[in-house]
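Chemist: Marked as phosphothreonine by Swiss-Prot on the basis of similarity to another entry: Thr81. Annotation source Swiss-Prot lists transmembrane segment at 56-76, 82-102, 110-130, 168-188, 194-214, 317-337, 362-382, 394-414, 441-461, 479-499, 528-548.
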Amino acid sequence: MDLEQKTRGLSKSCALLIVIAGMERYAFKGVASNLVTYLTDVVKMSNSRAAKTVNTWAGFTSMLPLFSAPLADTYWDRFFTILASSSVYFVGLVGLTWTAFAGSRSATKTISSYFLYSSLCLVSIGLGVLNPSLQAFGADQLDHDLDKNFDLSSGDQKDAKATRKTQFFQLWYFGVCTGSLMGVTVMAYIQDTFGWVLGFAIPGIVIFLSILVFMSGCGIYVYAPGARLKKKTTTTPFEKILKFIKGRVVKQRSIYTLADEKDLDAMELELEERPLCKCETEDIETPSTTSKGLEDDESSKTVFSGIDNVKLVIRLFPIWMMLLMFAVIFQLPATFFTKQGVTMKRNIGSNFKIPPATLQSTITLSIILLMPLYDKILIPITKRIKKNGTGISVMERMGVGMFLSIIAIVIAAIVERKRLAISQKMKTLPDYDPETVPLSIFWLLPQYILLGISDIFTVVGMQEFFYSEVPVRMRTMGFALYTSVFGVGSFVSAALISIVEAYSSSTGDRQNWFADDMSEARLDKYYWLLALTSTISFVVYIFLCKFFKSSSDQGDEKEEAPK
């Protein structure tokens, strides 16, 4: 079997998990893409508060994997973790549906708001545990597939595995984008046309079906060793890190521990006995020292292994930090881009209005349409130019996406300035409509499409980057680092909105950049601010890439994947 045949397709278990990931995205995007509209139109929040609520919720959802992933890697079984988290996810969506139903029949919003936040928290908890576990479970299937099928010479095998790995992440992301596309387009129309009860009920039904689909594949999955077995036979990387940190803390405390006051006068300094030649004493064992020596040796191995694992994770954080502004920009389509679209001309014919959230589908649609071109055109060209088996590197891929996101936000600022200028001119006319600007919503398409193209480069690159740069048995943690970029980015976005809002409306005649009246808001200035900060992050990222060395380049020993 030649290299091309071996890199052609994935196993049935990988394909099934990709379908499940697409169903999960359908449900999540069906709720998240239009949530800001629900909060402003139904719950009656201000624009800034609704945007901060959505960003905080998205951040909380994306940050949870950082806490759940170590537990999943160390103690939990991935299969049952996926089942349990999917069930919590389903309960949260049922609660969200009940909230919309109760709110539509109650004049008071107190109970409805309480259950709204509770339901959103359940969705966050379920999704925050499900996502990294599902991806890591898919990686288990991939590793088994690679070890089973590849028996090539070392150089060819490395390129073949890299190609198959990239193919897996691209197909995974293709499935995720397909689900997102369906969720944004179909659910936004249903929510705007048939109401929020049905709009929240359908995602719950989809998650319930995904649980049934997942359980149908029990016979074809490859299962990693259970948590109990792992705990008995070997120490996990996360446990080694904890032991290393605990050992350092205990050591520091022992240094500064003084003797009791009554013994201070009798203190005597003694030098520790050490052999002159370490090599001659390593093989000598005595009954009094053998057990202690073995214990010290095991402790030493744990310490050094802990140091290695800590270094492997910590060295990723400079790159992780520079990706945050990319994540901040990606919060805009679900918040301010959608609010912009509400004020623009959305009619197609006389009877149909485009739901503003539907434009988010152009991001995923551009990904679905352009990703094959990436594989068939860009990768072969870069392979010929760089004369290697992989083409564009993961670091270069993320950098291209960051650059395109900056271009997208610059275009967004220019379009918003044009919308504001038309709005100001319309105020002088007698038939002025403050809720609609005679500017087609399709003016927003370029910024959406560019964000979709940048997504192909950066998001898929981030998945592969964090997957490849952590120890194999910390893989769930690697996926958690990827999702945490968007989690912290959401919190950074909410913090920026609060700071800018406080600054722009604090004194004098300054107008709130996020005013509820979109004809008075200055989102263009906010977009220019994001363009500036993103450019700074991009420049620093390029600088860091020159000094970053991949773990594979360093020759780090990797633990073997479960078979």
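Every residue, even glycine, has its Cβ placed from backbone N, Cα and C.
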Chemist: So what's near the transmembrane segment (317-337) in sequence-distant terms, Cβ-Cβ under 8 Å and 6+ beyond its ends?
Modeler: 32-33, 35-36, 50-51, 54-55, 58, 357, 359-360, 363, 398, 401-402, 405, 408-409, 412, 444, 447-448, 451, 454-455, 458, 462, 465, 481, 484-486, 488-490, 492-493, 496, 514, 523, 526, 530, 533-534, 537-538, 540-541, 544-545, 548
Chemist: Before we move on, state whether the transmembrane segment (194-214) and the transmembrane segment (82-102) share at least 3 Cβ pairs under 8 Å, counting only pairs 6 or more apart in sequence.
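Modeler: In contact, yes.
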Chemist: Relative to the Cβ position of Thr81 (phosphothreonine), how many further Cβ atoms are located within 10 Å?
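Modeler: Taking every protein chain into account, the count is 23.
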Chemist: Using a Cβ-Cβ cut-off of under 8 Å, list the residues of the same chain that are 6+ residues beyond the ends of the transmembrane segment (362-382) and lie near it.
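Modeler: Distant Cβ neighbours of the transmembrane segment (362-382) are 170, 173-174, 177-178, 180-181, 184, 333, 391-392, 445, 448-449, 451-453, 455-456.
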